[in-house]
Amino acid sequence: MNPNIQATNRTELPEAPLLRVENLKTYYPLRRGTFGRAAGFVRAVDGVSLDVYRGETMGIVGESGCGKSTLGRTILRLEPSREGRIYLGGEEIASYSQRRMRPLRPRMQMIFQDPFASLNPRKTVRDLLAEPPIAHGLADRRSVQSRVGRLLEWVGLPKTALDRYPHEFSGGQRQRIGIARALSLEPELIVCDEPVSALDVSVQAQILNLLKDLQEELKLTCLFIAHGLGAVSYLSSRVAVMYLGKIVEIGPKEDLIGRPLHPYTRLLWNSNPVSDPRLRERDRTLPAGDPPSPANPPPGCRFHPRCPYASRKCREEEPPLAGGRHAVACHYPLD
Amino acid sequence: MNASTGAGGGAAVRPKAITGVAADSSAPESGARTIWRRFARHRLAVAGLIVTALLILTAILAPYLTPHSPYAVTASFSAAPSADHWLGTDPVGRDVLSRLIAASRVSLLVGFSTVALYMTFGTLVGLISGYAGGWLDSAVMRITDMFMAFPFLMVILVVVSALGAGLSTLIWVLALFSWPAVARLVRSSVLSIKRLDYVRAGVALGLGTPRILFGHILPNALGPIIVNATFGVASAIVSEAGLSFLGMGVQPPTASWGNMLTDAQSLTVLTEQPWLWVPAGSMLLVTVLAINFVGDGLRDALDPKQ
């Protein structure tokens, strides 16, 4: 990543970022044969750098398979990184062992995508919410009860929910439980991994509103991962667009939406469904198509096979992410 | 998981986002209740459970139920059933009914303690192996392969003749050869469960490995373990009987259904003195069937796909 960006960012926002990711790479080996030699790698995250400042929400958008969820999980050290550094409040954690990570876990939490898979079906809501503080010695069995009650209040669940099991709740309610669990350790950073995409549309708005209220009340710092623009633009102050494991454009939300510089960003915005047919006039110059495999990314600019403006330079030379607050990785940015 | 039961539905659109979505008031069915309801649908399983319970009761109360001492020798050898000896006497002159009742203790003791022993060990090994993965997992799995490749009966015969036959030898030997199958079963459940988000959530929450293994993974892998344990009891009882029949298991004068059947090795006994082997054989058959029916019922009741 271009060091200038960090420099500019730092001069404009004087404090140090809560989360800094430098050149992070997460590869999955493709194993073949009996002895499982790595025959190649899926480059899920391939050199991502970004800063997230206290109190802000950074949105990450991109198609399925672009590595955005893997990025979130790698930052939380749930996936092993291959290269790169992760700083949480200045402390480099990518090299830490899982044991060494444990005392840091309360500082960063995750809200999972699928509320049906992320809650242990054999535990009551009370146990789900009380276990983390007890395990970290933040509360004992008695004092944790008031904490659990407060969490339920925050996420808008009734006290009667406490002694029920996850399967007795609807998707939206379960996601509230998941949010309460993430808040149970009073984290500084929350990674929201597509927290509403598994929910009914009518419930999505409720959960987004809940997240927004919590964000304001608790001054949370979030990394908000989504594949669509809607949720991200509602909650984020800055947005990063990912394509095949890389950030192709990053900047303040208004700039990215109002004046996208990368052809892929524009494609992504244009593919957002519009309910009113009269508003459907739009730029159709960009082909939809599917992204290439992250196991074998194209040379040069990774977007060139789908890009209508691709030139020879795009096919041969990979563009660096460059620019100030609004940075783009494109040889011929739109404008 | 059955998502439609319980407090579903009510979520829909509410005027304000943070208003709580009340769960419905009717008391939900607990997990154990659902399992019992499903189990009770199987007539045979319920019958099996009743028979098994009676057998356990008999084994516990054995000293009070036997009409004679199982070791007392009388003057009548291989006598046919009579008012005094309801099931006759054996070739040494002991009361068959009393020995039958005393033997239920031995059989159930072997069945349950063998299973308790190897289930505990196998589950522990499977949990750790599956969760740790990597070289540890490979090493443990090769060890289980080795155990499973051994000609089980032959090794038992060798071990028993080396260490001397006896109840505890029998239990240890049976357990020694049964844990690998359990370890593999548990490992395969762990492999699928550890990929689920709630286990990752446990890691993200910074819960310790023992907490994740025993609090989050094990309870969700318990179904197949319980079913396997039930069938294991029946199979340990059969193995005990088989080895005792061959003289390698429980040694006389201690009574076991297996060594009571030893008498049936003679053709005269087989054809003309059925009281010497029919009762022991029938008890074995009934016990194993009953326990297997319970296992079948449990398997269906614990199957989440139903």
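Here the Cβ of each residue, glycine as well, is placed from N, Cα and C on the backbone.
Database features, via TrEMBL:
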DOMAIN    B:104-295  domain 'ABC transmembrane type-1'
TRANSMEM  B:44-65  transmembrane segment
TRANSMEM  B:115-136  transmembrane segment
TRANSMEM  B:148-178  transmembrane segment
TRANSMEM  B:275-295  transmembrane segment
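Counting C-beta pairs under 8 angstroms (sequence separation of 6 or more), the transmembrane segment (B:275-295) reaches the transmembrane segment (B:44-65) with 3 or more such pairs. Note on the transmembrane segment (B:44-65): residues 101-102, 104-105, 107-109, 286-287, 289-294, 296-298, 300-301 of its chain, located 6 or more positions outside it, place their CB under 8 angstroms from a CB of the stretch. Beyond the ends of the transmembrane segment (B:115-136), by six or more residues, the same chain brings 171-172, 174-176, 178-191, 194, 209, 212-214, 217-218, 221, 225, 228-229, 232-233, 236 to within a C-beta distance below 8 angstroms of the stretch. Long-range Cβ contacts of the transmembrane segment (B:148-178) within its own chain (Cβ-Cβ under 8 Å, at least 6 residues beyond either end) map to 106, 109-110, 113-115, 117-118, 121-122, 232, 236, 239-240, 243, 246-251, 254.
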